[in-house]
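Q: So TrEMBL says this about it:
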REGION    1-28  region 'Disordered'
DOMAIN    68-215  domain 'HhH-GPD'
BINDING   Cys217, Cys224, Cys227, Cys233  [4Fe-4S] cluster binding site
REGION    252-280  region 'Disordered'
COMPBIAS  263-272  compositional bias 'Pro residues'
Amino acid sequence: MSGKQNSAVGEHPSPGPGRRKKSVKPESRLAMVRRARRINRELAEVFPYAHPELDFENPYQLLIATVLSAQTTDLRVNQTTPALFAAYPTPEDLAAAVPEEVEELIRPTGFFRAKTRSIMGLSKAIRDDFGGEVPGTLKELVTLPGVGRKTAFVVLGNAFGVPGITVDTHFMRLVRRWKWTEQDDPGKIEAEIATIFPKSEWTMLSHRVIFHGRRICHARRPACGACPITHLCPSYGEGETDPEKAKKLLKYEMGGRPGQRLKPPPDYPGTPAPAAGTAE
Ligand code: SF4
């Protein structure tokens with residue numbers, strides 16, 4: 001945690017801890033952009049190790065894992081994919097699988113029949129239309145069955161190094177709390193946020209925001225009292241402001257608990273997630 005509460009430059013005039021409320025003019029676009037960029041910089045200091053929280057070793061694995069992550073946690077996917085990828089190491093293998101056997105393997109991720117159709121369908125398309133290699137462009141990726149822009153951006157950003165903004169549930173919630181946008185449609189949010197940050201920041205910005213949402217700025221009870229960017233947040237006070245109580249709400253490495261990846265990157269300061277079947 002950076003301990004940067006109430007620093008001065010570019011700060012939003014909203015009341016952080018110990019600050020008096022005063023009437024203020026609406027924030028200008030320029031001030032909002034400066035504040036947004038500062039949030040990004042400060043989150044980069046808080047989470048220098050931010051990364052995608054799905055385990056993967058190649059674009060095929062990331063694509064499958066991302067499709068499986070719909071309506072479930074990355075942890076559940078990470079606990080499920082080792083057996084799946086051991087049985088079907090390539091798109092050709094998965095395309096030729098017996099559907100019922102795939103369903104059994106991915107059952108823990110929920111919606112396993114629909115997900116089996118998706119991952120087998122996209123594996124067939126990769127085999128038949130792209131020579132067995134996951135394509136590396138947005139235009140091609142979204143032609144794969146079950147692959148929308150969100151999934152495509154995750155794969156492009158993290159397996160191909162192409163900048164992309166990932167608008168998931170955490171990203172949507174936080175950018176609205178920070179008043180970066182008032183949109184609630186993921187495509188419109190993506191377009192608006194893209195005007196605030198340079199392309200080179202898009203992928204890491206997405207990881208930082210999602211890390212912050214998963215660990216500190218939760219949907220139901222954000223841990224405002226333990227948040228390092230209160231001085232930049234117009235929604236401070238939406239959650240628990242008592243520092244001791246807020247500290248108890250922190251998750252994963254911030255709360256001293258295991259993360260979501262079984263194989264996190266080497267710089268991850270927390271402990272790896274447990275394998276399937278062991279205590280979480
Ligand atoms: S935890 Fe509270 S102060 Fe921090 S970003 Fe979320 S709403 Fe703002």
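The backbone N, Cα and C atoms fix where each Cβ goes, glycine too.
Caution: TrEMBL annotation is automatic and unverified by curators.
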Q: For the region 'Disordered' (252-280), find every same-chain residue at least 6 residues outside the stretch whose CB is under 8 Å from a CB in it, and list them.
A: 1, 48-49, 51, 53-55, 73-75, 78-80, 82-83, 108, 214-216
Q: Per DSSP, what is the residue count of the compositional bias 'Pro residues' (263-272) in each of helix, strand and coil?
A: 0 helix, 0 strand, 10 coil
Q: Rank the binding-site residues Cys224, Cys227 by how many other Cβ atoms lie within 10 Å of each Cβ and give me the one with the fewest.
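A: Sparsest of the binding-site residues Cys224, Cys227 by Cβ contacts within 10 Å: Cys224.
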Q: Quick one: what's DSSP say for Cys224 ([4Fe-4S] cluster binding site), helix, strand or coil?
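A: Reduced to three states, the DSSP call for Cys224 ([4Fe-4S] cluster binding site) is helix.
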Q: Whose Cβ lies within 8 Å of the mean position of the Cβ atoms of Cys217, Cys224, Cys227, Cys233, the [4Fe-4S] cluster site, other than those residues?
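A: Near the [4Fe-4S] cluster site, beyond Cys217, Cys224, Cys227, Cys233, sit Arg177, Ile216, Pro222, Ala223, Ile229, Thr230, Ser235, Tyr236, Glu238, Gly239.
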Q: Please spell out the DSSP helix, strand and coil residue counts for the domain 'HhH-GPD' (68-215).
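A: Summed over the domain 'HhH-GPD' (68-215), the classes give 99 helix, 0 strand, 49 coil.
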Q: Over the domain 'HhH-GPD' (68-215), what is the model's mean pLDDT?
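A: So the average pLDDT across the domain 'HhH-GPD' (68-215) works out to 96.
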Q: Hey, what's the Cβ neighbour count for Cys217 ([4Fe-4S] cluster binding site) at 10 Å?
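A: For Cys217 ([4Fe-4S] cluster binding site), the count of other Cβ atoms within 10 Å is 24.
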Q: When you measure from the Cβ of Cys233 ([4Fe-4S] cluster binding site), how many other Cβ atoms are you left with inside 10 Å?
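A: So the number of other Cβ atoms within 10 Å of Cys233 ([4Fe-4S] cluster binding site) is 23.
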